[in-house]
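Asker: I am attaching a structure below and will ask some questions about it afterwards.
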Amino acid sequence: MGSVVPYFRQLFGKEKKKEEERHLRANDRPFNLSYRYANNAIKTSKYNIFTFLPLNLFEQFRRLANAYFLFLFCLQLIPQVSSLSWFTTAVPLILVLGITAVKDANDDINRHRTDKQVNNRRVDVLVDGQLRNEKWMNVQVGDIIKLENNQFVTADLLLLSSSEPLNLVYVETAELDGETNLKVKQALTVTGEMGDSIDKLATFKGEVRCEPPNNRLDKFKGTLTLDQQVSSLDNDKVLLRGCTLRNTEWCFGLVVFGGPDTKLMQNSGKTVFKRTSIDHLMNVLVLCIFGFLATMCTILAIGNAIWEVKEGSVFTAFLPRENGIDASLSSFLTFWSYVIVLNTVVPISLYVSVEIIRLGNSFYIDWDRKMYYPKSDTPAQARTTTLNEELGQIKYIFSDKTGTLTQNIMTFNRCSIKGKAYGDFCFLFSLQKTDKVDFSWNQLADPKFVFHDHSLLETVKDGNPEAQTFFRLLALCHTVMPEEKTEGELVYQAQSPDEGALVTAARNFGFVFRSRTPETITIMENGRKVVYELVAVLDFNNVRKRMSVIVRSPDGRITLFCKGADTIIYERLHPSCSKLMEVTTKHLNEYAGDGLRTLVLAYKDLDESYLGEWRQRHHEAVTSIEDREERLDEVYEEIEKDMMLLGATAVEDKLQDGVPQTIEQLAKADIKIWVLTGDKQETAENIGYSCNMLREEMKDIFIVAANTAEGVREELQVWMYFQTCLWGGFLIIPGSFHLQAFALEKNMQLELLRTACMCQTVICCRVTPLQKAQVVQLVKKYKQAVTLAIGDGANDVSMIKAAHIGVGISGQEGMQAVLSSDFSFAQFRYLQRLLLVHGRWSYLRMCKFLQYFFYKNFTFTFVHFWYAFFCGFSAQTVYDEWFITCYNLVYTALPVLGLSLFDQDVNDRWSSRHPQLYSPGQLNLYFNKKIFVRCMMHSCYSSLILFFIPWAAIHDTVRDDGKDIADYQSFALLAQTCLLVVVSIQLCLDTHYWTAVNQFFVWGSLAAYFAVTFTMYSNGMFFIFTSAFPFVGTARNSLNQPNMWLTIFLASLLCILPVVAFRFILIQLRPTINDKVRHKVRKEALPAPPPRRPPPRRISTRRSGYAFSHAQGYGDLVTSKGFLRPLKSRPALFIQKDSALAQNEPQHYRTISEEPEGSMSP
């Protein structure tokens, strides 16, 4: 079929060649339409009003069981074959198809509604020289559109101009990567000169040639040709759909990619129909059952042929055969008749019940108040109803970092100044919290900043020179841009949240960064305005790992202030700082033990003459054409030496609440967690320690460091050999290149997987969205384990769709991951309850349901099989036809649903307290092929008892008054009553948790059976519908005899007693973890919720010296003459108010940086 569709597309002129390069011209729709680029409308729905019925039925009949029942229905339409009415199959089949179709239609209607809402958004489009307000769906490639502050970016745009200096714009990328920090984009100078002039923009005829649509969020390559001048385009010039314009009055952009071609939609990937491992097992079992059914029918057909030859001729005198019917044809027809009679081995009610059970367990997730996050009014949501039991079998979890494990909020927690430590992390966890420091004396203080150590403020107020120099450094050494919307209301646009946290700390302790020009920095020092001359900015990069500024104070003192990684700064300190360095190192180890991100601060006084000579050498390095970077590094190295140590800072990358405890519990459940992040190695490693994923006892750290595919292979092989001797350690894969080396080359995949699975922890850094999905698919393919991916941004969508289960984190961040997920909630900690409680219960209930369902139906069917040997293999049913119809739909439907919806071996607290209860699901111990065979054997034994005990008891039996009751109808009634009583008792034995609903279903079903039986076997029903109710009087004539009830009791006892004995012996000799915990539950009281305790402090020499941006700094930008406009009042641009969630949180900093090429946000 895959080749037919392209053929017809080509036949009707709709075949579209693969795009190799995009070529477009601004303000020229006819030219752009000739390439037939996609417009800006999106479509995530699967059906329309015309295709729904055929496509949905096609999808449903791809399920083997539905196709089987359709075939069975066709058989029942043949009078010579069918011994049952056609409606016994048609009604349940139509019911199943209808329920599934309604559910699919509802899901698709919601998708249509979402598509319509997005496509009907409005934006200003430049058409025929004037701005028109158009719907998003009408925007075309090559159109120029105008965006205003707080608007969503309509499509992937080439930025042309903006209201900000140097044509900068600030965008929030929460929908793409889950980060709420602002990113900076900058237009080309050649287009920025147009400004907001409609005339210039309308006559703009630039041509863009760029890469075809792809899913790489971090890269863009292209050129802009204008007046025969070619300009290079990169990712910094492009605004992606899904971003939100912030802190920018207006901007104009040229549409490059629209609708399905945008990087947001390209990352959404193709919707995959996910099926659980139990679904796959069911398909295999159904095929086995079909084979078993064919075998039984063949045996009975052969029996019929033999019987017809040997015994059938005797009956032809009064029951003649039809013309042309002989023994062989009779045997052939008997085969198909028994296919109909024995079809209950795969009853259609099984699939109806499975859907109801999954739906009910999905509601439990939606209704769970313990997974409701009140701060953002976000409940947990099961966005699919077909994967619940899969939650109880997870072996691997693939997690994003930013926004998933962390809040992307940095807080200044502790510091060390001249050997004295301030701030105490433990204050936050003590029972009696220390009062917050009161910063009300400082009118410019950030009200959201929280600090608990009062001694630091007193030290600063007392005029301690080291403390004042410490905060003066933090207020001066940075590239933060301030914006004062109203008097005293400062907003910092920081290169990273880390840098913003440090500047805000200085602000609250009296050193307020107010403004900057290319030559000066203005700060308020304890209420006094001080203007420093900015002599030079020695910018940060990944090699230097430090940043310095040289400033001249009003009194003429020249100082170099430096901050950076401890190992880098220590190498450049004056020898006199050795003792102070020992004390500071001790403090740094404590901070690292608490999972904080550290920086070391130092300074150096310079004299005028030396500075003049240095500036001359610096100027020569800056203006050099060859080896510019190397010469600059030499100049920087020259001045950044013999510095004086000032102290250290400790910033907390705030984790979401309960993340370490959740990871600890999941690890106890033998669930392996891999972190796939776009962050640098050091950041991810530090978070790993904070989350308890990495521990100090993990001495063996393996970092893939080779730069060639062959080198990576050798490192993996060496490490794997080493790990065979010493199990443990953790694997860190630091860069996108290394993932490309092993994830994309088939001959490397197994090497990676073997090594990674031998490690306790795996962290993949700097990975792209595609690589995240490849890692997930690698584990799925070779480990045959159930995987779960959890993330919060559009860059996690491909990973979420690739995993068996996709979980989206909702809340303040973007909703793109949630829209593509199977389950969603607001906090990572809810994952523990989703898996250890809801997932385990769902898996346990589904397995119990399947075991019991197969048992009761095989027992029901095997009685037919034994009866065939006593009815001449005539395909006569052993039960009344009405009992056959009602057995699965009425008499046994509700009790098994009660078991499957309410049963639990232990309650939620015990489930959380003993994560080991989760491991049987990972090993698929509750339902597998072995369990299925055991169910068949149990059913075979029960059916033998249920047939031969009633048969022997009623053979040649008479009533108390001497009348004969050894007839077919009495035997059928006795056999079906014994069957129903036995399967009801078996269900009671399988039930661990009784509720009023379970009791009502069990006793109600038995009562309904006897009520329906006496009604249908009454004289009145026989007189009204003589042919439909032939068992007239059978119930009252048989069930009033004591020997009938004795037979029922005896059959029940023989069926149930071996089961009870076997289970008792098994618990005594080989108790499972469930048996042990349930025994413990009976002896102990309900466990209390675990107390909130401070995390244990680890003493570590492993520190992250990256408490500021990992990207190339903006030193050149902030010293640019054209960067800053003259200070003047401007209207407030932030219309959006702080949410309730942020009221009690520290300052939420905004970034003006963009990750370097090749990096990815997590």
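Cβ atoms here come from the backbone N, Cα and C positions, even for glycine.
In TrEMBL, annotation is done automatically, which means it is predicted and not curated.
Sharing the features that TrEMBL gives for it:
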type	residues	note
BINDING	Asp400, Thr402, Asp792, Asp796	Mg(2+) binding site
DOMAIN	25-89	domain 'P-type ATPase N-terminal'
REGION	1080-1101	region 'Disordered'
REGION	1138-1162	region 'Disordered'
TRANSMEM	84-102	transmembrane segment
TRANSMEM	284-307	transmembrane segment
TRANSMEM	327-352	transmembrane segment
TRANSMEM	849-870	transmembrane segment
TRANSMEM	882-902	transmembrane segment
TRANSMEM	931-951	transmembrane segment
TRANSMEM	971-989	transmembrane segment
TRANSMEM	1001-1025	transmembrane segment
TRANSMEM	1045-1066	transmembrane segment
Asker: Would you say the transmembrane segment (1045-1066) and the transmembrane segment (849-870) are touching, if the rule is that at least three C-beta pairs must lie under 8 angstroms and be 6 or more residues apart?
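Answerer: Counting Cβ pairs under 8 Å (6 or more apart in sequence), the transmembrane segment (849-870) does not reach the transmembrane segment (1045-1066), since there are fewer than 3.
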Asker: Using Cβ atoms and a strict cutoff of less than 8 Å, what residues sit near the transmembrane segment (971-989) while being 6 or more residues removed from its termini?
Answerer: 852, 855-856, 859-860, 863, 878-880, 883, 887, 891-892, 895-896, 899, 942, 946-947, 949-951, 953-954, 1002, 1005-1006, 1009, 1013, 1017, 1031, 1034-1035, 1038-1039, 1044, 1047-1048, 1051-1052, 1055-1056, 1059-1060, 1063
Asker: Considering only Cβ pairs under 8 Å, which range in 284-307, 327-352, 882-902, 931-951 makes the most contacts with the transmembrane segment (1045-1066)?
Answerer: 931-951
Asker: Determine whether the transmembrane segment (882-902) and the transmembrane segment (931-951) share at least three Cβ pairs under 8 Å, counting only pairs 6 or more apart in sequence.
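Answerer: Touching, no - the transmembrane segment (882-902) and the transmembrane segment (931-951) miss the threshold of 3 or more Cβ pairs under 8 Å.
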Asker: Could you pull out which residues elsewhere in the chain have a CB under 8 Å from any CB of the transmembrane segment (931-951), counting only those six or more residues past its ends?
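Answerer: Apart from its flanks, the transmembrane segment (931-951) reaches 285, 847, 851, 854-855, 858-859, 861-863, 865-867, 870, 878, 971, 974-975, 978-979, 982, 1047, 1050-1051, 1054-1055, 1058-1059.
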Asker: Using a 10 Å cut-off on CB atoms, tell me which of the binding-site residues Asp400, Asp792, Asp796 is the least crowded.
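Answerer: Each of the binding-site residues Asp400, Asp792, Asp796 was scored; lowest Cβ tally within 10 Å is Asp400.
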Asker: What is the average pLDDT across the domain 'P-type ATPase N-terminal' (25-89)?
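Answerer: That region's mean pLDDT is 84.
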